[in-house]
Amino acid sequence: MSHQETWHETLHDHFGQYFTVDNLLYRDTTGQQDLVIFENAALGRVMALDGVVQTTERDEFIYHEMMAHVPLIAHGGAKKVLIIGGGDGGMLREVSRHPGVEQITMVEIDAGVVTFCKQYLPRHNAGAFDDPRFKLVIADGVNFVSQSSEKFDVIISDCTDPIGPGESLFTSNFYQDCARCLNEGGIFVAQNGVCFLQQDEVVNSHRKLGHYFSDISFYQAAVPTYYGGIMTFAWASQNPALRQLDTATLAARIDETALTCRYYNAAIHHGSFALPQYLLNALSASR
């Protein structure tokens, strides 16, 4: 790619987005995936895997804040957190902002993603890879949870879309193993695509999670990079009360954590579980 060449995302047929490549920083096959990192005047540094944008400097905070703080604040006392994926370090950065968390394990299938993101996307991790609570495991997340005897309070599946290496992170076996690896009162959350364009993905996750969790829902956030509507996150636990905390309780926990965010707050947390009617209809029809 040369200066001002355009890069086109290939996630959806017949519809997509493009970026101008103002400065190509890296492109290669890591051994697992095709990785490209470039600079764009509108969104800063952009990372894509296998033709799909994973993160940009400009708006990554929305995604990472919502994936990390919604389950951690709702739990209210998480000590051990498992991140599946998350090689760019953004999820680790947000989880590490919770002083009550004592152990953060991140399982990333591709060591190359971690290495290159440390070099080319340093703002994402903001030094969190050096946190003494952090442990990096280079392994397949599916295999890790299937073989693990550890228990966690929160599991965050910061997965790619269900294509390539990320496909196995949307299977019934993976969800079953995650449920087994949670402590009592634990919460599982996962990236679940843009529901307007990827509704089947949400419906399938809802159906599969229902076999292993008694409370399944979804929450949403507006992340500009993930075009086509509102970003959807799966939520699963055995306790519906964790999903129904009022804004006063959420605000008190946020204050106690001394958490200051750019997107996430108590009202956003509470309101993010309100879903559009077309998605509610689809979920109801799938039961």
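Each position is counted from 1, following the chain as shown.
Any Cβ shown, glycine's included, is placed from N, Cα and C.
The domain 'PABS' annotation in Swiss-Prot covers 5-238.
Residues or ranges marked as S-methyl-5'-thioadenosine binding site by Swiss-Prot: GLN33, GLU108, ASP140, GLY141, PRO165. Every protein chain shown contributes to the tally, and the Cβ of GLY141 (S-methyl-5'-thioadenosine binding site) ends up with 28 other Cβ atoms within 10 Å.
Swiss-Prot lists HIS64, ASP88, ASP158, CYS159, THR160, ASP161 with the feature spermidine binding site, giving sequence analysis as the kind of evidence. Under the DSSP three-state reduction, ASP158 (spermidine binding site) is assigned to strand. When Cβ atoms from all protein chains are considered, those within 10 Å of ASP158 (spermidine binding site) total 26, not counting its own.
Sequence annotations record features per position, and here Swiss-Prot assigns active site, proton acceptor to ASP158 based on sequence analysis.
The separation of GLU108 (S-methyl-5'-thioadenosine binding site) from ASP88 (spermidine binding site), Cα to Cα, is 10 Å. A straight line from the CA of CYS159 (spermidine binding site) to the CA of ASP140 (S-methyl-5'-thioadenosine binding site) spans 11 Å. Mean predicted confidence for the domain 'PABS' (5-238): the pLDDT average there is 92. Per Cα geometry, GLU108 is the residue among the binding-site residues GLN33, GLU108, ASP140, GLY141 nearest to HIS64 (spermidine binding site).
Of all Cβ atoms in the protein chains displayed, 21 besides its own lie within 10 Å of the Cβ of CYS159 (spermidine binding site). On a Cα basis, ASP158 (spermidine binding site) lies 10 Å away from GLY141 (S-methyl-5'-thioadenosine binding site).
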